[in-house]
């Protein structure tokens, strides 16, 4: 048992969801974001053209890379000869800071865009503050590689068929990285250097979705292994999109119903709503109690996110099974706010996540 600090988000109060909980300054920020320039979405210009523009540096958004700190690690996939590109950050300082651990990060981008190069500042920050080695997996993207290609790459980085070579982190984390694998973090895919000038289109929480699928896959395929903790930021957990916050959205920012339609079709093409209720696609429908013990989880979401109900409902289900979990709600925060450098929500999001991770690590150290 490891109690969650109250300031991490142990309780979700109704006043956090009221319109008057959003400050006037934050409302002004929302209006600025609405008026910002946007790249054309890939479903309008075609994915080939989008990828060409991205490769050529022609998109409005350009990631802030920390190339001098990042290391590349190639991990074998379940397919002979194909390797999975992973981006690794080691803590800047490790002396007298206790045990180092490995955190697997899964980037977002609507299952179709971005890469594991798009979150360097966040990954470096978590590495330094939490004394974690952060490893971000470069999974295959749709529509070129639809389901189950993306999640299978995430599974292979941690554990796959024991007859294959891909159970990498669980078997090799200590020998190859010098620390045990204990945490999974699911993210949105961009790290913005300046909010007023960045492209604000197509943020989407596929990282949280794949992180949940990976954690549940571990419980089913490798039950002797136990994650220390799980961070799920503004995730998509029900791909039927029948939750009220989506159905009733009138003026969504960042993620729209149109974006959900096209990106989901790229992930699971030509599937019915009933087929999308499979727990292998929508973790919300998993029988969580049959997969106990689940790891403590931190759910993070803003009230201005069209996907808020996904976090509300899935967090409630998770906490029915394990009470050592938390849900942090930020009034006025948009989808992807942890990745908006310069926005006030970003710092609060980073602080919440690092407190959660450090608390679990300290709690474990005290019991060893």
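Cβ atoms are placed via backbone N, Cα and C, with glycine included.
Features of the protein shown, as given by TrEMBL:
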COMPBIAS  10-24  compositional bias 'Basic and acidic residues'
DOMAIN    103-338  domain 'Alpha/beta hydrolase fold-3'
REGION    1-24  region 'Disordered'
Lying 6 or more residues past either end of the compositional bias 'Basic and acidic residues' (10-24) yet within Cβ distance under 8 Å of it, the residues of that chain are 4, 30, 303-304, 312, 315, 326-327, 329-332
Using DSSP, how many residues in the compositional bias 'Basic and acidic residues' (10-24) fall into helix, strand and coil?
-> 8 helix, 0 strand, 7 coil
